[in-house]
Each structure stands twice: as structure tokens, then as C-alpha cells.
Amino acid sequence: MAPHSEKPQKKNKNNDKPKIAKASKKISKPKKEQNDAVVKSKSLALQLEDEVPDFPRGGEFSLKRSSNDHEKFGDEDRTKKVWKTKKKGKNVVGKSDKSDDFESEWGSLSGDGITGKLPRRVNRITLKNIAPGMKLWGVVGEVNNKDLVISLPGGLRGIVNASDALDPIFGKKTEVGESFLSGAFCVGQLVSCIVLRLDDDKKEKGTRKIWLSLRLSLLHKNFNLDVIQEGMVLAAYVKSIEDHGYILHFGLPSFTGFLPKEGLAGEVRIGKHVQGLVKSIDKVRKVVYMSSGSDTLSKSVTKDLKGMSIDLLVPGMMVNARVKSILENGVMLSFLTYFTGTVDLFHLQNTYSAANWTDKYVESQKIIARILFIDPSSRAVGLTLNPHLVQNRAPPSHVKIGDIYDNSKVVRVDKGSGLLLEVPSIPESTPAFVSISDIAEGEIKKLEKKYKEGNHVRVRILGLRHLEGLATGVLKASALEEAVFTHSDVKPGMVVKAKILSVDSFGAIVQIPGGVKALCPLRHMSELEIAKPGKKFQVGAELVFRVLGFKSKRVTVTHKKTLVKSKLGIISSFADVTDGLITHGWITKIEDHGCFVRFYNGVQGFAPRSELGLEPGADPGAVYNVGQVVKCRVISSIPASRRINLSFIIKPTRVSEDDVVTLGSIVSGIVDRVTSNAVVVSINSSGFSRGTISMEHLADHHGQATFLKTVLKPGFNFDQLLVLDFRGNNIILSAKSSLIKYAQQIPADIIQMHPNSVVHGYICNIIETGCFVRFLGQLTGFSPRNKAADDQKTNILEAYYIGQSVRCNVSNISSETGRVTVSLKQTSCSSADASFIQDYFLMDEKIAKLQYTSPSASDSKWDENFNIGTVAKGRVEDVKDVGIVVCFEKYNDVFGFITNYQLGGTVVEKGSVVEAFVLDVARAERLVDLTLKPEFINRSGERSSITHTKKKKRQREALNDLVLHQTVNAVVEIVKESYLVVSIPENNYTIGYAPSSDYNTQGFPRKQFVTGQSVVATVMALPSPETSGRLLLLLNEVNGTSSSKRTKKKSSYQVGSLVEAEITEIKTFELKLKFGFGLHGRVHITEVHDANVMENPFSGYKIGQTVKARIVAKPNEADSKRNTSGWELSVRPELITGSSDIGDNISEKLDFKTGQQVAGYVYKVESEWVWLAVSRNVRAHLHIFDSSTEPNELRDFQNRYHVGKPISGHVLSINLEKKLLRLVLRPFSAIPVRTIEPQINVVNKDLTAYIHKGDILGGRISKKLLGVGGLLVQIGPYTFGKVHFTELTDKWVPDPLSGYDEGQFVKCVVLEVSDTVRGTVHVDLSLRSSNVIPLQGSADVHSNAHAKDKRVEKIEDLHPDMVVKGYVKVVSPKGCFVLLSRKIEARVLLSNLSDQYVTDLEKEFPVGKLVIGRVVSVEPLSNRVEVTLKTSTVSSTSKSEISDMGKFQVGDVISGRIKRVESFGLFVAIDNTNTVGLCHISELSDNHIENIEAKYGAGEKVNAIILKVDEERHRISLGMKNSYLRGETVVQTPLEEGSIEPIADGMKSTSSTNMIVECETDQFPILSQAEERAYIPPLDVALDDFDQYDVNNTNINSKELKNEEGALLEKLKRREKKKAKEEREKQIRDAEERLLEEDVPRTADEFEKLVRSSPNSSFNWIKYMDFMISLADVEKARSIAERALRTINIREENEKLNIWKAYFNLENKYGNPREEAVMKVFQRALQYNDPKKVHIALLGMYERTEQHSLADELLNKMTKKFKHSCKVWLRRVQSLLLQKQDAVQPVVNRALLSLPRRKHIKFISQTAILEFKTGVPDRGRSLFEGILREYPKRTDLWSVYLDQEIHLKDEDLIRALFERAISLSLPPKKMKFLFKKYLDYEKSQGDEDRIEAVKRKAMEYVESTMA
């Protein structure tokens, strides 16, 4: 549009001219092109991140184009290229032929002024005139991780940050990111946006970024409900998803929207951007109801609005327009009365508009258009007529950038601008525009002459304008021939030439011909790392690169010479990988175990260390570098798991088959060098030059392997080494003797393994669940935890070490999975020979020899003078506590040692000379073990003069008696770390050596041996050079079983033999004895005395004492396997003095009888059982409830019985299989003897044997039953009894259950034992003290004291008018039942419940309530009792006046009022009495009455005649016929003093009962309801829990009534439809009764009276609100809340707060939308009440309704707003703990930083308590410990800490904490508190010893304080 006048136009022109001229000048001068590139490269560098930045093709938006391009076409897509032609070394582009006036026209937007001349050209959006605040229509082009790219009009592109994509109204519900943006937006979606800002690049002018916003709060800024009309199209966000639709948000808080679910298709998420059509507007609720449908939205035209401003226009709005004028390059339209807009050539209805396009538009022509953009500042509006956009759809795109089309038709030639083409794309053609600068290499002066409409040209797609559906193209030959035109043309491995645009610290940005930019990372700029990349890579230079990869428009290239010139095949995907392929790659990471190699397109492989071609022990990091190009060979690949195994060894070495070293072969080697963790040796074998021995494989013993490594020197020769594995050119060896010795048996393949075979191996790895055992190669077995050790409690991580030699038993072999399971248990893998100890001594010699080779070694043959068994002479150098140190004259560095045990009683002094016997020689340590014991010295004394040769001969003679595998008895002389030195007394004290461990048990805890201990061993090897001249033994305990060729003489001991035995040990339950020759036995505690058990039977025995004992049993073979074998002996006097002929075995038969008294000793105490030893093999157990009847003793059960205590009891049951007796302490009547089969219910079967009526038992409350169910009490292990509700206490108390808790011990008496139908036993118990503890001497006093509390056991004891007490059992609409005793229940009818009207039966008479009443009637035969609870008496009314029916005579006429109208008659209350009579409907009138309710009403005065008086049933029948009353007078019953007026009926329904209620007799007045039911026909409906009663007993028996009943029943059926009227009458009657009874309000008027009387009572107001909600009137409830807030006095803050709380709950339940409604009330409440209280109130509501997310959000705000409030932080902690979240510690840390220091103690202690109760107790302990370290004298903190620990019941922790507390130095008053608390705790535990200990510590503290 034209401006308003010429002056502004000129001013504008002058202002813009320098800017345009400057820009044009910049473009036309080629010498600045290089500088521009430098500036641009710097700007690009700012966008790069890490090494792989994003390169948007074509860079930013550029103005580097001639001005006429902008004039005719505007800016294209940002991928648009500027093709340039070189002419004489200069760049030439198309020149502008337009004037400055024209420049100013397109350079600024014109307004819509009415005055002034019309503009010549249309309004267009360009980079030059776009400004913040403009509203634009666009289409989503890209959805990225953090932003959206929007295609705008004119080919512009804008960016929307994720934070600007929607308004911040969702809080934590949506996390803005890639997942959110992809769910809320999709490519091709039309959106309205607003320009936020423009970023101008100061370094490179013409480059700008357009930042947009999609926030509806900006687009709908001036919208409100008044301007929204039906039929309008609005954009909105989906705020929440409901059951039937979506809640919409328009960006404004003033109104919301609702869209039904059927309106949207596809997945809908919160935050999704949608469009909808306004269907209706609810201005009261401020809700806009929408609909959605593509057809509806595309046809909805915006209606004219009065006073509509430009601010209300939204892009995309459809309008009806008229053609106002035809411009040079478009059309001007008028729309919505007040507005004008323009349409450019590319937005006309015909996308292929030819030169004659103006002919299709005439002035005033009606057209439908959509708004394209709005500029509020200039009031310029752009419109579009594009058919796709008018239908609210983005134009389709059928072409791709880079496509070439040969037969493109020229549709229009724009002079000086370009060509419009029709590209023959599929499925339909696409319009394309070619700028004049992209048509030819050189300048074209007359475009219209060279190209004519209809010509066909060859075009390449250069870019896309998505909004217009228009492509941009290029006709230049250079562009058509370019190989790389887009990113999709780039392929990995492609070699390209590229121009360097910029160089930075991270690498270089290069441009491939065609415009695609790529990154060359710093490490790929050269083969070697370069310090100054800028010197080698100069901007503008062209170099050769190779494409490494392409991902998401990111291209990476390399300039490494090896890669660029490589002729080897490349790997660009895992599909390209083949085994044996040789290729180039580059190292990306170097680890100790290998190198990671990268290939093209991100493919990566791994070369293990063995394939790197390294020397053994070499460091890969020292040979290779990261980034280094390497040639590698593919060994194997797994494409599915993306794994490639590589090797740097291109040609592996080959050796002849004869020289191949195989797994398991034995080789020799010389030590080359010793590294930190291995020994490298040179192997004497072809094919391999180096081998490696790890430190663990130097020896079988771990200690020796470590020692050997320290003394090994290069050049040492290993004669035998076992080949374990191959790793590349390296060979893995082992020097372990066990593996070398059994090399032939060690498997290398799974087929060589056999189940149950024992093989040698070594541990290669240990995990929590087991050990991995390696054999040869990679063959590995697994030993699970349960098979790794005999003791399942063994910690295998500590018991084994990696590299340990083991023997394993093959358990299972799975050929399918290739898994081998082995066992390492010593019982199945123990050594069968002495190789373990033999290898130890041989290795010791080898280490000693290596030491001798060192220069410091004095004499290498010193050990020859210290042979084992010879006498050595030396001088005592030192006397120590543990023994004597001896030095030798010839050898200064050799020392001898004599232990105290080996002195043999000899006293030696320092400096004296001794001659000692050599026991052992440690060559490596140069230590000699000696002895002075006489038996050794004497043995060698006789041979002192004999020559050395003869000594050896005699020594061999001494060993002649020993043979292999012989079992011998030996004595331990010396205990070494790895073996024992023993002597064999039987063989002249020959010295032997036995290992104390085995291969598998090196790391296990060693069995403790002591010097002098006797052991049994087996000879495994005689002295020889192979054994280092030692006799080698195996202990039987270690070796298991042993066979002997020369077996020992069979023992002569038999069962019954009398032996002399020595006591070796005294235990709690047995004496350990030894007798005979190495035999061991025991005496059980029951085998000491003949008589009954006695305390401490072993008190008369001492260790070392010799006693006579009788053998009663041989060792058990089964026990011998468990290492518990031993003889059973007895020292009972009767056996010692008796005959020895007692058979082979004294067997113990279970000849016990039920009821028999037996005794035993306690050997185990559990929580509920005490276990006794009755004899050697018979056990007994005593249950807690069989031990006592006193509760305090039951509580102290575990403390009353200690191990060893004798107990006597009676046998209750016998288990033959387990040899187990069940005992009870109290005697009981015997039952027939029978054997009880072992089963769990054995006690229940014999329950009657020891539980009888009247027995007093101890028990524990198991469960408190609901209502009046009473208690369930456990009285045996599987036996339970029930305590009736009336048997809980002696006195009638309101809540008898209050004094009892589950788990409480009680004393009870058995009332009855009975068998049930199901075969179980039912026990009735009583806890009444009068039953449990009967008084003997004061029976009369007792009976008098408890007469009023006596329970009625029999119904015969009840009589009418008797006062009784009871508990309400059940309540029904017709009355209730009351428990009078265990067996008697009474019925209380509704009319007898109270003198007053009862509104709520369940509230007034809850179950369990104690009531007092009088017996009305008793029927013993039917077991019926009826009671009344009414308190009124007949003291003021004569019995004759009320109940004497004699004063009523048949024929008397009485007056009265109608009490009730029923379908069968009238109930009439007779005046001046409380008697009600019934007038049947047949007696009402002489004529038939159709509708009795219409003729009679309650309260009417009537006269009637008495027809019948039934004194027995207290019933009166009346008649009201005129024929009866004609001539009769009314009999007046006088109202005497004290008479009672009739009371309103309290029954809710009179037609639904089967009882004919009788009038009250005796002294209680009756309610009128009783008489009203005089002639109600009986129905089969009973009161609850009263079904057993015979209802027919109360029916009318007379024939008259029976006939009458039949007729009444028929009439009742016909009148069931009249219940509605009866209900109305009932409501009126109930209202009257409530007024009489002053009941709670039930109507709005009654509530109004209530709130007026108490206006400040929040309780009344809230009840009023609740009443309105019950009527479903929510709005009325809201108004009441508002009234309450206005009415309640301002000083009553708490009362107002209660109303706010109720208001919160109201809106939370009924608000719409709920959250918004609650927040509105919340914000209001903050203005009138304490903010913290209001926040806490709202938080409480959220927590009650389990809205955890809202509660967490509120808590976060509260911790910021009230950060100094301890209560708020505690609520935050509590919320986290209740939700089981782990983020507690950060909250605690934040709280401590925020809270004042004075509140720290309170916060930390309360947080710790919360952790103990609902969180992790360990965290609570940490908090308490931390605060106690700072405040150790705060006894209140100690007390709270102790209370929390006591609650957890960990006794060890509690006592440790108490000990810490009482050890503090505190004032006496505080210490007294702690000691008292400690003492109370120990008293609760019941341990007398500990109680005394606490008292003793307290006394010690007092004494120390006094001192």
C-alpha cells in the first residue's frame, strides 16, 4: 500500500538510501569477498559445539543479492546458493535497474490508510523490513531437539526456541524437549507466530536470525470473551485430558475451552497445539466450547465485528474480501469493512499465473482469502489466495533439493527478476522460480528476449519455500554438473576437494564444491598432532579431503595423508565387515587390554592386547598414540551385537607342525626379566620367543611364590614350565608343581572331562556367587558358592585368591551350553598323597639356593651340618619369654630356637653351651628348630661316638617299622605356619612332618594345634631326596579316611566295659574323657546321677581327674562323618556297681507314658519353647503357656530358664520318630496310654487330657475381635480360646477391651470345653478376677461386693422387672440386641430404647455400649428375653390408670385423635390415656371407603366406640360407623395427676414387622407405637440376629383375627403403589418429632436459625455447607462459605481458617477445572489468614486426597517462602519418606542452610525420628550421632535416641547406646535420669543379672562422684 503522503515517503527514502547503497556497494565489489568469507567463518565458528557441530546448509539468512531480486522475489530458502560467474578475475552479479524510489517502496511496508494515492506494488515481508511484533503465518519445517524451524512468507525461515513454543502454564507436567516438541508439533503443520527479535551480525552485514514465538498469550493478547463469537477459529493448547474431552488453554487466564474427544484424531498429548471452531460460549463459567474437523475449519469465515481492531487479527484467519485495485505485482483487497491487504504474485489463486494474470481479477470481485502476515506498527496486512492455504492445508512438496528436471516449462517471464517454471514432478507438477542471477553464468541484459513463455529448460532444484509450495531453481551449467550438491550426495570414503572457510581450535570448516560445508577435526588435520593448525590450513586454500561420515546434516572429513591416499577397502557399516579384510583405521582409545579403532561412519572395532604385536610386558600407550592411523586385519565380527575383533598383526607367523607348542606341553625357559606382576622368560622352542609367568604361577604356595619373585634374577633356568595358553605371539606359562606333575590329566577341551573325576586347576576369577577354575587354554569351570566350601558360611572372597592351585571334582558337564560345574569342597577334593607338603619343602630348597647365589650369602652348605635327627652344639644368646635363641660358632647368620615346650624342664642361662636335638631346618630363613627334651637327647646319646655313616644306618633301622599308608599316633612338637612337626613315640620318637592345610584350604581358617597334642596321621612318604630327607605324613582329620596295610590291633572295648578315663574338658552338658589308647568319649549330663535331676551335676568333677565309667554306646558311623565320633560313657553309680553284661548297646527306648513325671536339663531357650535333655537321645520341650499361669512370669519366660537348669514336668505327648516329649509343668488326669504319631496337631487331639472346666491357664492375647467379639487368647502352641465380651472384667465398665492389647499375657479360667461340628475343640475362657482368683474365706463378702456385677448364666435366673446390665451387640432399624452374659442375649425393641426420640440409632447406641435396663419378659422355652432401656417409672402414674384394661368396656364411646393413617385402618390415641386403639377400615363407615388417606389425616379429632377389649394382649378394637355412634354418648377418661401424654411413634415403618408389640406392663409406661401395631398382620421379617425366635408365638390366635388378616393382606398388595404418600407423611411426622426432641437441623430454614444464633461457629457453617452438598446444590454451598467468611468476626482467625479448609475441600471435589478453582480460593485465603497456616491447610488437603504431585509442588514453594520454618521442612521430609523417595539428604542439607541455628536441634531430631518410623533407621542413627557429637550433654536427645532404638528392639544396639550414655560426664541429676531409664529397660527385659549390673554401675558412679 502507498504511504499516506509523499513527505513521509521521501523521508523514508532518504533514511534508507545510505543503507541500501552500502549494501549494494558491498555486493558489487569483489575485492571484499575474501574478507566476507573470513567474517562468516568466524560467525560459523561460534555455532560449533565440540568436534561435530551442526552445519545448516547455506549458513544464515543473507542479503548478498542484488536489490531487484528482493524487489521481485524476496528472500528464498536459507539453503539458497548464490551462483557467481568470474569475469576478468571479478565476481559479476545482476545489477539493479530500479530507482531509489522503488527501493524505498519494497524496503518498507505501507499502511492501510484510506487517503492518499494507492501504492503501485504489494506489501512483502523481507529480511530488510521484518520487525519484532509482526504476526506471521508459517509452516513447521523441522522439529529439532531444542527448537522448531518455521518456513515463513517470502522464503524466510525463523527459529522457535522450545521455551517459546508454548506458554509456561503446565509446570512440571511437561518437560520441554525433543520428546515434547515432537509430540506437540509435526512437520507441515500450519502455525501462527510472532517475531520476538532479530539478531544482526555486526561482523557480516546482511546476516540475520529471526527468533519467533508461538505463545498464544502474545497472539491472543487483546482477546476476551466479548470479542469471541460462534464460528470463529481459535488456536489453543491441550491443557489436560479428561474422560470425554480435552481442556484447552488459549494463553489467557480469563477463559478456558473444552473440545470433545471425537474432535481430534491421532495421539493427543498435553501441550499439543490444536485449532478449533467456537461452537458456544458459556460466559458465566468462562468456558468456550469448541469443535474440530478439517472440513469445518477450512470453511469457517471470520464474521465482521463492530469496532474490530488490527490487534484482533490473527494470521491464518479466513476472511471474505473484495478486489480493490490491481497492482504491478499483485492485488489489493479490502476485508472486514475496515481493513485492506495485498496479495503478491506467488499467492494468487493460480500458482502458475501467466503474464495475463491481471485479466482474472476485476474491482469489487468477491474472493475468500486468509491473512498471511500483520504488521501492527505500519498496519500493513498480507493476504494469500493460494488454494491449499485457503483450505487450511500446507501446499504439498513433490521435489527434493538437487533434483534435475529436463523438460521444465517457462510459465512467466518477470522482466529483470527471473522465470516462473512448471517443473514436471510426480505425482503433480510443481511451480519453481529461477532468479535472474541463477539463469546463466554471465549477465543477462534482456531476459524476455532469451526466454519465452512455453519454452522448455533444464533446471536443478536449489531450495524450497514450503509455505507457498514453491521451489527455487538454477539453470547454470556449473550447478547442473556439480557432483555434491546436497548433504545426501555425500558418501563415506568419498575423496573431495574443499575450500577452507575458517580455522579454529577445534578444527577447520571447509566447503565442498556445491556449497556443502564440513568439519575437519583437529586430529584429522594431519598425521601427527599439530600445534598451530592455522599455519598449515590457510583460509581460502583448496585441499584434498576424504569424507569420514555423515549424520544429521553433519559432515566430517579427514586430511590424514594415509587415509586420503589409502587404496584399501573401507568399512562404513557393520555389513561391510568380512573376516580377513585388511583396511585402514585410526586409534581412538588405548587401554591396557587393547586398542579401540574407528572406521568410517562411526563404525568401531577392538584389537586385544595379544593382537597388537607388542613385546611381552610392553605398554600399548608407549607404542601407539590416539589418532594414529593403523593398518589392521579383521579377525571376526558380530554385526548383530556391533562387534569387530581386529589384529594389528597382518601376517601371523607360521611354524612347522613339528615345532608347534601345544597346550599342556612342557617347555623350559630362562628368565629374561622380572616385571612388577610377571616374569618374562625366553623359551627354548621354535615359533615362540617369549613367555610370561604371572607371580601367582611361580609356586603352589602363595607365600613362596611372592618370596621366589623377589629372589629371581635374569638368567635363572626353569627346567619345567607348563604351557597354559597362547595370546598372540606370547605364551602363558606356569611353574606350579601341581600343574606340571599332573599335566597329562589336565583337560584342554570339554570332551576330555568326565563327571566325578578330580583334576588340578587354578582359580582365574572370584565373584560373590562362586569361583571360576581355569584348566588349559580358555576351558573354565564354575564352582557355585554352595560347592566352593563345606561350610556354607565361608566367605569365598577371603577363602580363595586368584591364581590359587586347587583340586576340583567335576560335578556336571553341559555339552549344549559348554558349561562345567565343579566342586571345591575339601571332603571330595582332598589330596591323596603328600605332594602338597613335598612341593613346599622342595621349593624352600630352591629359594634357599637362589639366596646362596647372592654375594651376601656366607656358606651355601651350612644345612649339611644340621641334619634332622642329629645333635647340634650351640651357645645360648638370649632367653625370651617364648623360648631360647641359640647361636652357632661357625655360622654367624644361622640361629637356633628352642621353645619353652621343648626345654623339657631344663633350666638354661644366657651364655651357657647346650647340645640340642635338631627337629626342623628352615633353609630359606636360616633357622634351626631344636629340642632339649630327654626322650630325644637320650635317643641320640648312645650314638654320639658313632660315625656319620653308621648314624644314617641306625636311622634307617629306626624307620624299618614304618611302612607307607600306616596309621600312627603322633604328638605335635612344633606348629609352623604351613605344617606341623610331630614325633611318633611308638617308633622311637621318629620326627615327621604333616601339612596343616591343603591345596583348596590355603586361605581357610587353620585348625588350631597346640604343642603336646595327640594326633592320628598316615605315613605318605618315607625320607628320600625327593622329600628333602623328611618323613611326610597326612593328618587323618585333614586327609579323611586312610587305609593301612598293617592295621592296628582291634580294640577290645565293648558296650558294658568298665574303663578308667581321664576328664579332659568340662562342658555345660557333658564331660569329655579320654581312655585306652587314644580313645575319646563323653558322659552326658543325664548319666551322672541315678536320682532326679539336680543343680550343676558336674560340680564335683575337675579337669585331669580320673574316674571309672561304663561304656554305654559305641561311636556312631553317621556321626563319624560329621567329625563328632566318640564313645558314650556313664558314671551313674548303679551302672558302675552293676554287672557288665548289659548287651552290645544300651539302647534307650521311649517307654514313657502320658502323665508320667520326667526331668531334664535345659539346653536351649527360645522365645516360646524351652528345650530339655531328658537323656542322651531323648529330648523334651516345654511351651511358654505350659510353664506358668502368672502373666509376669510369662513375660519373663526366657529369663526364668537358663541353660543347665533342671526342670521336672509331666509328659503330654510323645513323638517316636523325633524322640521328643511334650511336657507340661502342672499335673493332669491320666489318659489311656497310646503311641502318638508324629504330627503337628497332636496337642489338639489330647486337649481334653489336660484342659478341663475350671482350670486356670496362662495365655497371650492373639487378636481383639471386632465389635463385641471379645478376645482370642492363645493357650497352647496351636490352641486358642475365646473370651466373651462379658467375661473381660468383673465390673460392668463402658469399654472392657480398653485394658487389653494384642500380645499381652493374661491369666484366664476355662469356662467350657466343647467339640465343634468340624472336629475342632472350642474353649471358652474368662478373664474375670472373681473366676480366676476365687476367695475362700470371704465368700459372703465377695458375693455381696459383686452382687450387682454378677453375670446371669441361666435364663431361669431372670424374671420380669429385674434390673440387668449388658452390652449392645447389634443395632437394626427395629431395635437392638444386648449381651447380658456369655449365653444370654436380650432384645430391645425400638420403642423401648429410650424415653426420648432417637434420631440416629447407631450413634446413640453404638455396638459395645454399656446399657442398663429392666426385664420386660422372659420365655425360657424359646430362650427369649425382652428388655426395656426406658428410665421413666410409674411412680407418678397409677398402674390401674395405665395398664388396667378393665375400665374400658365394650360399647363405651371414647374421644381421641388420629395418631396414624394406614392402608388398613386408623390408630386412635384415646384422650387422657396413653392407650392407642385400632379402628379397622371396615369399621370406619357404613359405606365403602376408596381412599382412606384422602378422608382422614393425622391429628384429627374423632369419636369411636369400643368394639372389643383384649385384656390379655392389651388390645382395643374401635368402630367409627355412624350406626354405632347414633344416640351414644362419649365416655370421657379423666386426666389425673401424673398421667403421661402419648408419645410420638418412633418406628420408621409399621407395615414391615412381624411382631405384634404388646403394651408395657408393670411400672414402665409404653410408647403409643405399641398400640398402633395392635392389628398389623404378621410378615416374615425378623430383627437382626434374632432369626431363631419363633415369631408365630406372638401372632393373634383368634379366628376373627385370622379372617381379618387374610383380607388385610389382599388389600395391602393392592395399595403398595401408595408408598410415596406414606413417605411424605413419614417426613412430616419425623420433622415434628425432631422439633419435639430438639434434634439437629434437617432443612435450610433450621440451619438458618442455627447460624444466626451462633454466627462465629465454623462448625455450624460447615454443617450447613455439607447439608447443601447432600442436596447436590454446590453453588449454594459456595455461597454459604462466602457468607461465613463475611459473617465470622475478624478476630476469630481459627474459625475463618476452618471455613477456608472446607472451601478447599469443596473446590477440590466440585471445582471445574479443579486445580484452578482451588488455587483461586487459596490465593484469596492468603489475604485474610496467616500464609503459613493457609499453606499447611492446603498441603493437608492434597495429602489426604493423595495428590502427591501437587503436594510436592506446593512443598517446593513453601520451602522457599517459609525457609525459616522448621515445620515446613519437616513436612517436606515426611512427604519424601512416605513416598519412598531417596532424595532426603539433599533436603536436609538445604534445610540446615536455611533454618536458624537455634532450630537445628529440633529439625535434626525430628527428621531422625521420621527416619526411624517411616524411612531408613541407619540414616536416623547418623543424624542422632551427628547432633550428639555436637551436643553430647543433651539428655533429652539421648532419651529420644534411646526410645527410637528401643522401638526397633535390637538389644545389642540398645545396650551399647546405654553404655555410651552412662559413660558421659554429666551432672548427677542427668546421670540419674539415664541410669533410671537404663534400669527400666532391663527390668522390661527381665534379665536379673543385667538388672544387677546396671545397679552396680550406678553405685560405682555414685561412689566415684562422692570421692
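Here the Cβ of each residue, glycine as well, is placed from N, Cα and C on the backbone.
Predicted, not measured: the structure shown is a model, and the values here were computed from it.
Looking at 55-77, 78-100, the range annotated in TrEMBL as region 'Disordered' turns out to be 55-77. Across 231-293, 402-476, 493-560, 1451-1521, stretch 402-476 shows the highest tally of CB pairs under 8 A with the domain 'S1 motif' (316-386). Within the domain 'S1 motif' (1451-1521), the DSSP-based counts of helix, strand and coil residues read 7 helix, 36 strand, 28 coil.
Averaged across the domain 'S1 motif' (1056-1132), pLDDT for the predicted model comes to 79. Secondary structure of the domain 'S1 motif' (1056-1132) per DSSP, as helix, strand and coil residue counts: 8 helix, 33 strand, 36 coil. When DSSP labels each residue, the domain 'S1 motif' (1361-1430) comes out as 7 helix, 35 strand, 28 coil, counted as helix, strand and coil in that order. Each residue in the domain 'S1 motif' (869-933) gets a DSSP state, and the totals come to 3 helix, 34 strand, 28 coil.
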